[in-house]
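These notes concern the structure reproduced below.
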């Protein structure tokens, strides 16, 4: 059974579960049933995780400032949580859907998420943060549109389509989790899927991904929802104009192909200006020892003829490929004259003129602990706790669950790794610089919940303070993910203006599950509703706080 979305317009000032909703902002209400079901993204039947019987799951199609209500019924045999990657959850990490912020939804139970997409637009996706559930599904797109009174910097497209692509394993999430729990790596993926399908060139049974009408322009919202591999995508005979990345309107450059790293999303405009027939949408792995690829069919209405078997070539690999990809990253620029969710131009925020108050340098590591594979950051490999970190902090029992600042702002000498909850204090409203340095031979992708950051630089080698002279301090794209190439570094800047407990993680699920993540605790000492919402009345409790008296709410 698929539940309909309801739109309810608030007439009065409402406070729903202690999360305030401003009068006049529409509320979109969803009811989701999470179940197992048979799927075959690579043609091999396997147990998948479905939402209302769908894989990929339902699209959340909303507008800036909408209030989103999602009642999730867990009909699996394991606890589950969903996160809304890229949605900043302003003042509301209670709804972020990470194990450090929330108790999981137990089997046979339900939980209702309530949050507002406050002052945001863009392309994002949701996914399960528990165990290795993302390897089996539970994934869907989030589309946040501009309000009608805010113009967008391009003509309205004829239609828009969601494209969720990425690597895929034929083993189910339980088998993959067992492999990691035994201390081994899950190894390389089995293939690449596009919207739950994988096709070969010449496959007469391939269903069209979507249909174009000649002469019209379409918006494709594309996200890499895989577990491990960067992907390049391209369309036979067509160019793509990048117009948006994770909530930022970009300078509208045109590309033949685009690299999309794990966890990243972007919007491209494609004009149907070729002879009406079928064309292939191609997705292929990047920087992988064993290349993988797949195709999907784009069909022209009233077209005549199959897609050509001659595919557009992939970009170079190895050292030349990294240089090519870095060059493409540098070509992505913030559109300074365009607005985003608000009427004022994006460029009115002069991030390059703000003084840095703190520099955090993070080095990812691969090591072992007690003979088992672990990944870490600056010598700490994170483990989740029975009591969510945010609840422990709110109830005043943090010292019984974790220790703040085990991880230092600089990597420490030696290869020793400490397996423990990794929680770092962040000072509310400080402007911080985060350096990601990758000494490994594999590409990394990082994501920060609760904020967007300015991706000011990526370069090969090691970072040092004099590298700041190479930063883009004018029009770096504001986004929530950043890739770091092998033996390279990346720098981002952000203001810690969102109180809460926020996850900074590797987007490679194997690495995050085995410790390559941390939580940034940003506390407003005012304990004021101006800065953060109180614990919602309906919030699930677990661990040591379950029997404790509830603290006084913020005022």
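Every residue, even glycine, has its Cβ placed from backbone N, Cα and C.
Bear in mind that TrEMBL entries carry predicted annotations, made automatically and left uncurated.
Annotated features in TrEMBL:
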SIGNAL    1-23  signal peptide
DOMAIN    34-148  domain 'Plastocyanin-like'
DOMAIN    160-302  domain 'Plastocyanin-like'
DOMAIN    387-525  domain 'Plastocyanin-like'
For the domain 'Plastocyanin-like' (387-525), the number of residues DSSP places in helix, strand and coil:
20 helix, 57 strand, 62 coil
Quick check on the domain 'Plastocyanin-like' (34-148): DSSP residue counts for helix, strand, coil, in that order please.
7 helix, 52 strand, 56 coil
Segment confidence, the domain 'Plastocyanin-like' (387-525), expressed as mean pLDDT:
97
How does the domain 'Plastocyanin-like' (160-302) divide up by DSSP, counting helix, then strand, then coil residues?
9 helix, 74 strand, 60 coil
